[in-house]
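Asker: One structure coming up, written as structure tokens, with questions to follow.
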Amino acid sequence: MKKLWNAYSENKLFQGVFLLIFIAVTSLSLYLAQKSVTAFLLLLSSLLLLYFTKFSNLVKWLIAGVILVVLLPAAAGGGDAFESYMEVATLVGIYISMALGLNIVVGMAGLLDLGFVAFFAVGAYTYGIFATGQASNFMPFGTYPLSGESFWLFIVLGCLAAALFGILLGIPVLRVKGDYLAIVTLGFGEIIRIIFNNLDKPVNITNGAMGIASITPPKIFGIELIYSSQFYYVVLIILVFTIFTVRRFEHSKIGRSWKAVRENEIAAQSMGVPLVRTKLIAFAVGASFSGMMGVIFAGKQTFVDPTSFTLLESITILVMVILGGMGSVPGVILGAAVMTILNLQVLAEMTNWLNELSSSGAITIPDALSPSKMQRLIFGALLIVFALYRPKGLIPAKNPVYKEEELVSSKVLDMKQDQKVQA
Amino acid sequence: MLNDILQSIPQVLIDGLTLGTVYAVIALGYTMVYGILELINFAHGEIFMTGAFIGTAMLIVLTGIGWVSALPAIVMLITVLLLTALLTGLLGMGIERVAYRPLRNAPKLIPLITAIGISFLLQDLVRFIAELKKGNYIVTGPSLFTSQIKINSSAISSVFNDASIKSSFIIVLVSAIIMMVVLDFFVNKTKWGMAMRAVAQDRETASLMSVNVNKVISLTFFIGSALGGATGVLFAVQYGTIDPYIGFILGLKAFTAAVLGGIGNIRGAMLGGLLLGVMEMFASANLTLMTGGVFGAEYKDVFAFAILIIVLIFKPEGLLGKPVAEKV
């Protein structure tokens, strides 16, 4: 068995063939059995299989692109369940993007932020207010609601607004550290929610607890986007952009500064890392991804209200980051996907199943124990188990390891070359 | 406007003190644990909530038994208080043992995360036990001590309005004061209290002086949680209705109180709690009046958090705390 495994993990051809068979079987079974959630999940998990193959990065991206852009919608597209699958996939994308944003703040810069959903709310309300008649209550010029084409501009605006809020939060927070930071961000998240909840007077800006309804759906080339399957592609594009940006940030100068600040602030400062700027950038960048997705969320749901932005949401995103592995981009993507699917599909399916069982009289499960109500219990247990036994998450972050001998020998070589040049 | 504010002051003071004592006793739990471990025990608010539920459940059961309900209510309350304190104290010790002790040398972020986990776990456990038994997780306890007492404050000066208090207010106040005084005595005058202060100052040196550090930490958690649980019962008696999510926001405010007074400082936590309670009540009574209707009483939570943020920025060591220099 072990021999077989070794042969598999060494041989690219083996991996390729296996992956191909796996994808073919799962997409075929999804196409044939439209109601099978298992097939849908297995098809998604082929991406994970792909991640662990030995292909080059470009090949991996290409295969992933084919699966996500063509295969998944095509395989799911045959039946009535199409939109619900696409809904799940879209939400997975939104959450992955937010988790990647939080990963910058918590995982890379080591600043525990418990009010992260506030930035999502800022993004969602930015579009929500201007794409409905709400804005005419306080804006002296312009006619509202704005047309659906403005959505694309608002993705950028939402991103900027959230970044601005990130900096606003960052400025007072910079003087506090560690645990205090967690509490202050938590307080900030609650403050934002309470303000949105009550900003219907004196001037009606957010329509208070009623929420903003019938937001103009986005429009492109005269087509209105109203279906999840259309948003799926929008989210996919932004998600690719997010992953690309986060990757670039991670290996840049600022990314290394974040990690230095995380490991030891004082040491980082004495090595010349500007603390204030580094932390503020972390807050702003992390928040901006969340703001972008907030705009998309508002456009997709066409309805925003303060109950979507509670502490539970912030903690859910935190669980995603911790489950996947703090600071690890592939880990966080996996964590976010697992949590969202668990939340939307697995728990809902289990609830349905139990309901069917109890209505047929086989067993009786009291309503209080229905799985979809147990989110908090599951999230809590996951947090504890992972913090205790696997604090680095499912896919731990990899830091480049330099071997001492190699560094020394390369340095010696460099010096020799220098001497040659000089001579 | 000033006249209106002045008129309501006696009632504001009484309500503020009630809330303030609740904050103060919960803040003690935060501040003791922080003083000794430098850890924010996020689950403390949930221990308070669990205490409220255990106490209410006991009261409901006890009032259902014929001969017990013939006893004076105060005897029943004291029994329930002591039993609840014991149970929540053990719960606190258990939480420390499971979620914090294995992580004592881990990076600071990790125990904070388990604390959030514990707090979610407790919320949901209490929720579905309550929902199983009662069909609804919002529980109303039996009403004891409901007689209203009128304070004739207008007799002192005509600018004040009369204030009214529930008789349970006196019980809350007296028990909270007893708890605080006993705790203060315990920490400052007894051998175990001395051990606690020693561990708070320097854990390693204390262990070299033959102080059993683990035992002292367990004891700290026991006392803090017992106080928290007992306050939960008092809260349930005073305000009547409880739900599994009260612990979170109340715990957060109690933490604010602890920071306001100077975290790690026991007398500071008491002062901070009382101050925060009175300020919050003042805000919720007068915000509408003072801002001409722009902000209403619903902003009182914002007000409390704003105090927290302002204190942390301008005086992070709190009112009674001493600034600490960070050693490299």
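One is the number of the first residue shown, and numbering goes on along the chain from there.
Here the Cβ of each residue, glycine as well, is placed from N, Cα and C on the backbone.
According to TrEMBL, the protein carries these features:
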TRANSMEM  A:12-31  transmembrane segment
TRANSMEM  A:37-53  transmembrane segment
TRANSMEM  A:58-76  transmembrane segment
TRANSMEM  A:88-106  transmembrane segment
TRANSMEM  A:111-130  transmembrane segment
TRANSMEM  A:150-171  transmembrane segment
TRANSMEM  A:178-196  transmembrane segment
TRANSMEM  A:231-249  transmembrane segment
TRANSMEM  A:280-297  transmembrane segment
TRANSMEM  A:317-342  transmembrane segment
Asker: For the transmembrane segment (A:150-171), which recorded stretch in the set A:37-53, A:231-249, A:280-297 gives the largest number of Cβ pairs separated by under 8 Å?
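Answerer: Per the Cβ count, the answer is A:280-297.
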Asker: Check the transmembrane segment (A:88-106) against each of A:12-31, A:37-53, A:231-249 and return whichever range has the most CB pairs under 8 Å.
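Answerer: It is A:231-249 that shares the most Cβ pairs under 8 Å with the transmembrane segment (A:88-106).
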Asker: What residues in the same chain, six or more past the boundaries of the transmembrane segment (A:280-297), come closer than 8 Å to it by Cβ-Cβ distance?
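Answerer: Distant Cβ neighbours of the transmembrane segment (A:280-297) are 94, 97-98, 100-105, 108-109, 111, 113, 116-117, 119-127, 151, 154-155, 157-167, 169-171, 173-174, 231, 234-235, 238, 242, 246, 249, 254, 258, 304, 308.
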Asker: Apart from its near flanks, which chain residues at least 6 from the ends of the transmembrane segment (A:37-53) lie with a Cβ under 8 angstroms of it?
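Answerer: Distant Cβ neighbours of the transmembrane segment (A:37-53) are 12, 15-16, 18-19, 22-23, 26-27, 29-30, 60, 63-64, 67-68, 71-72, 75-76, 85, 88-89, 330, 334, 337, 341, 345, 349.
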